[in-house]
Amino acid sequence: MKFIDEALIRIEAGDGGNGCVSFRREKFIPKGGPDGGDGGDGGDVYLIADENLNTLIDYRFEKSFAAERGENGRSSDCTGRRGKDITLRVPVGTRAIDNDTKEVLGDLTKHGTKMLVAKGGYHGLGNARFKSSVNRAPRQKTNGTPGEKRDLQLELMLLADVGMLGLPNAGKSTFIRAVSAAKPKVADYPFTTLVPSLGVTRVDTSRSFVIADIPGLIEGASEGAGLGVRFLKHLERCHVLIHLVDIAPIDESDPADNIAIIEGELFQYSEKLANKPRWLVFNKIDILSDEEATARAKNIMQRLGGEDDYYLISAATGKNVDVLCRDIMDFIEENPRQEQEKIDAQEVKFKWDDYHQEQLSEQVFTEDDQEEDDWDDWSEDDEEGVEIIYKP
């Protein structure tokens, strides 16, 4: 299945149903009181994380989703039915962003997590709500409020413990194949990897971590060169970044310059991502002698002004790979992922009682406004007709 990590969709919550103006009419009760019911609330739109999905491809073809409108109120004090909610399933790791305001609505990082992204409209009030001692035949009602509507940007960000960085052909995919059961394509030309891939590395029977491989970066990637930096977002949730460097590039480029290129592109993309723990790993030492590989690595570090804190490995032969994996596992266990603070659902400021009282209080009646038979039923010939109260 094609890997799609971005989608733009239109979501519309249901409008609230309108209130009803009605009067009770039965045999022997020709002048009954008001019995118009309230409308129903509009349906909401939710996102739910599903671990069985791994792409947003479903939302590349169907882009518009609308919840059901609440039904209007009816006579005999019947309340309209609430509109049905709709729930959209997305992969675990999806981020929801309002496309107009660029506000991040939330991240779905656990299976089964549910998030409200569009709230349905509130119901309108029927004329029975406006009955009082001085207004016994009310002709007022309120309409339901509109539901929320927004363009929603969905971004899938892979959940991995370790992220791989490096130029094309640095050996990232070979490393993933060596430490996990993942089988990304490996070839001797740049940009063999076109989409991110995940692999699970087992250090022993009870310990493992997830590693992510993304397409290689090149100079100018932040400006769109190569495949750009769009895949770097998949590394934002990693514990540690592994910067894989070809210690003896076939194009005879300087590894120190190659390291600087990646660091520069990281800072161009996100300073927060650039400041994540990043380990320097020199790969392809199998084509050099041990002494030559060590000397070359020390020379590179001296020119970079860094400490002698690096690894020398060969992903092709597996040399020193186990040591690196164990150190990664120890680091992850010593620095557990900080759980996102559980934010209690904010108390809904909209209170039905307050809303009803506010709507009713806007209508002030005096005895002078009432006829002696004001309690009487509403006549269809009444010139004044129905009064609809609109929320300012």
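If you go along the chain as it appears here, the first residue is 1 and each next one adds 1.
Using N, Cα and C of the backbone, Cβ positions are placed for all residues, glycine too.
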Correct range for region 'Disordered' (source Swiss-Prot, candidates 9-40, 73-104, 361-392): 361-392
S314 (GTP binding site): secondary structure state under DSSP, collapsed to three categories: strand
Least surrounded among the binding-site residues, given as K172, K284, when other CB atoms within 10 Å are counted: K284
DSSP three-state assignment for N169 (GTP binding site): coil
Other CB atoms, at most 10 A from the CB of N169 (GTP binding site): 22
CB contacts for G166 (GTP binding site) [other CB atoms within 10 A, all chains]: 23
